[in-house]
Amino acid sequence: CLPFQLACCCGTDACSLCCVCCPKIKQSTSTRFMYALYFILVTIICCIMMSTTVANEMKTHIPFYKEVCKGIQAGEMCEKLVGYSAVYKVCFGMACFFFLFFLFTIKINSSKSCRAYIHNGFWLIKLILLAAMCSGAFFIPDQDTFLNAWRYVGATGGFLFIAIQLILLVEFAHKWNKNWTAGANHKQMWNGLLALVTLILYSIAVAALVLMALFYTHAKGCMYNKVLIGVNGGLCLFVSLVAISPCVQNRQPHSGLLQSGVISCYVMYLTFSALSSKPPETILDENNQNITICVPEFSQGLHRDENLVTGLGTTILFGCILYSCLTSTTRASSEALRGIYATPETEVARCCFCCVPDGDADAEEHAEKRGGQTVIYDEKRATVYSYAYFHFVFFLASLYVMMTVTHWFHYESAEIEKFFTGTWSTFWIKMVSCWVCVCLYLATLVAPLCCPNREFSV
């Protein structure tokens, strides 16, 4: 019957039937892929809403544009569907969607429960629910009060998203060193790899520091750049010395220069990103003409085709956000945030230690093909990732996207075409993130000294 057929389109088999020619895929992977697809879809809509170019093209090429705008009650020229306020409302709907599923999936340990079936299926109903939430945000009364309050919620969530990524970066550095050090107890090859990778990391950090000093400073200005480059370079040297100091080594034998090298490279990246996001300075030259300083000369020519640069840069940025979301939502990551780590005795050294399959070892035995794509049901015994943590990270990522697209605290003049135009708020957010990363790493080194009676696993 027709109702039963329509219900099947909303069930768990819909994804497995989408592509017959696609390679086999794990059920847990396909579920995360679908939620990521929803996230990408809403993010693209937000970018379109912030684009003046798209708005002008729509006015030019859509027949009866004014009539359509009036018909959907979006204003005479659809002004309610563009700008930062529209992005705030759409992201509010997406954030509510993921937060609702975060509450719904708390304490799910088995994929056979009713709530797990809802999490892993009913994609058409979820898409309709997401669209309804994003659309319903436009009918919230007292828009000004809502936008002012939601802005602070978005900033808090965006900062928390950054903090989670920094915590996981520090945990990744410790896990990397601990894994390869465990291998060094059996084969000297791992000692050689540790030394080689550490040398490469510090070479990259030093090269980045020198290049930033050459291209982002000027003899007659750039005082901010000079001070911050010197401070961040000094912090990298400081954490490296602390990591190999005798007092730290006595309490944490696994502490070493590999972790410091990873943190130093990331600090240099954040410093470069912050300096690139800072508004350029101008001075008068010998001919009393304004010249731009504190940015590389070759970079000024790269911004001639602003649409191409913005489109490519935005794609890369949000690709990184999506990758960060998916890699930080594994069970190991959620346990690391609660201070649960693998014991050194269970460590098995491997080059790609972070790419260990998170499913059951016998997942291949549960592959089933139901007239379409082959799906491996890798959660027969238990869930391979935390459902609730997965949705919570995407909730925070929704807020981070909202704040990033609207230039954080420079929202009133925000446009997607000016996405890479320097703003002070973006500059200081990246610079503070850099210092928070250093402080988190230092905390993991100093904490065992301050609390000698507690057991620390990193």
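The chain as shown is numbered from 1 upward.
From the backbone N, Cα and C atoms, a Cβ is placed for every residue, glycine too.
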Query: TrEMBL tags one of 4-22, 308-326 as transmembrane segment - which one?
result: 308-326
- prompt: Do the transmembrane segment (193-217) and the transmembrane segment (387-409) share at least 3 Cβ pairs closer than 8 Å, excluding pairs fewer than 6 residues apart in sequence?
  reply: no
- prompt: When you check the transmembrane segment (256-275) against the transmembrane segment (152-172), do you get at least 3 Cβ pairs under 8 Å, counting only pairs 6 or more apart in sequence?
  reply: yes
